[in-house]
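Peer 1: According to TrEMBL, the active site, proton acceptor annotation covers 246. What TrEMBL records for 13, 14, 15, 41, 42, 43, 44, 45, 139, 246 is substrate binding site. What TrEMBL lists as ATP binding site is 182, 214, 215, 216, 217, 218, 219, 245, 246. Among the features that TrEMBL reports, K(+) binding site is placed at 240, 242, 276, 279, 281. Residues annotated as domain 'Carbohydrate kinase PfkB' in TrEMBL: 4-287.
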Ligand code: RIB
């Protein structure tokens, strides 16, 4: 049997990360204790998480000025970059405040991430077959076209509806196999606060869709084929929560591709997300599978 491939079609951002005592409020000017530029973007972070977890991973998207660092970083972590395009327009970037508790507040500028054309999408998807995984987030344009074409090819579509926007309701959600989201996005989509009510609502709206719900300190849940599973959160001292959700997504589905049960996948993804939040940065903070296995052996 040939190994299934993972195609992450998504954003690449240069993250400008400012360490602050608290987030700047309206009309307030605050000093930053430190500033770093590093590689991020939900697409890049999730692709790096898949690759570090050992999956055969391709990242498709578009970089602009400053894109060489993003491309080199992907290669360094084992992500295939054959389907990355570059152009001279301003690229995607993020302004991230990280406070003393490790929480973040993010502004993104889409730039070239929002310049994916239908022709480019079709050419990339032609290289993938039924059963290959397509991983999407909401930081690029043309999602409805991507979902429709990937569905026609029989790909298994995973959507992380982050950041949430009402327009996502008409992006072809009924063709999505898996939805992975946090409690804030779940509330925005369903209007429900309680996890059980959220999952009930999803069952009614999309009976065949599998749902993975991350709940911060309350752990995570997975609803599939009428069954509901949960896993506790792995506690750690948070230094920077950036990319915790992206790490969870990459590791959860890399475990599923490796044939692990959903419960095992939830547990591993929670453990790995905890390692990521104990380190600074986005893609760079995501651990390799070897480190994760070593930690599992020690515990
Ligand atoms: O999920 C974290 C990511 O969100 C950051 O790396 C930033 O670029 C934004 O896309």
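Even glycines carry a Cβ here, placed using N, Cα and C.
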Peer 1: Say we define neighbours as other CB atoms within 10 Å of the CB. Which of the binding-site residues 219, 281 has the fewest?
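Peer 2: Counting other Cβ atoms within 10 Å of each of the binding-site residues 219, 281 gives the minimum at 219.
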Peer 1: Should we count any of the recorded positions 13, 15, 42, 44, 242, 246 as near ligand 1, judged by a CB under 6 A from one of its atoms, and which?
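Peer 2: What lies within reach of ligand 1, judged by Cβ under 6 Å, is 13, 15, 42, 242, 246.
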Peer 1: DSSP on residue 139 (substrate binding site), three-state: which is it?
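Peer 2: The residue in question, residue 139 (substrate binding site), is coil (DSSP, three-state).
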Peer 1: What are the other residues, in sequence order, whose C-beta lies within 8 angstroms of the center of the C-beta atoms of 240, 242, 276, 279, 281 at the K(+) site?
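Peer 2: Everything else in range on the chain: 239, 241, 243, 244, 277, 278, 280, 282, 284, 285.
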Peer 1: Specify the nearest of the binding-site residues 13, 15, 139 to residue 276 (K(+) binding site), where nearness means the distance between Cα atoms.
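Peer 2: Closest by Cα: 15.
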Peer 1: Residue 13 (substrate binding site): which of the recorded positions 219, 246, 279 is the nearest Cα neighbour?
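Peer 2: Looking at Cα distances from residue 13 (substrate binding site), the smallest one goes to 246.
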Peer 1: Determine, to the nearest whole angstrom, how far the Cα atom of residue 281 (K(+) binding site) is from the Cα atom of residue 15 (substrate binding site).
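Peer 2: Distance between the two Cα atoms comes out at 9 Å.
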Peer 1: What other residues of the same chain, not counting 13, 14, 15, 41, 42, 43, 44, 45, 139, 246, have a CB atom within 8 A of the CB centroid of the substrate site?
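Peer 2: After dropping the recorded site residues, what remains is 10, 11, 12, 39, 40, 92, 94, 282, 283.
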Peer 1: Taking only the Cα atoms, work out how far residue 279 (K(+) binding site) lies from residue 217 (ATP binding site), in Å, as a whole number.
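Peer 2: The Cα atom of residue 279 (K(+) binding site) is 18 Å away from the Cα atom of residue 217 (ATP binding site).
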Peer 1: Would you count the other C-beta atoms found within 10 angstroms of the C-beta of residue 13 (substrate binding site) for me?
Peer 2: 29
Peer 1: Rounded to an integer, what is the Cα-Cα distance in Å between residue 42 (substrate binding site) and residue 242 (K(+) binding site)?
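Peer 2: Here the two Cα atoms are 10 Å apart.
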Peer 1: Here the binding-site residues are 44, 215; which one has the lowest number of other Cβ atoms no more than 10 Å from its Cβ?
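Peer 2: Lowest Cβ count within 10 Å among the binding-site residues (44, 215) is 215.
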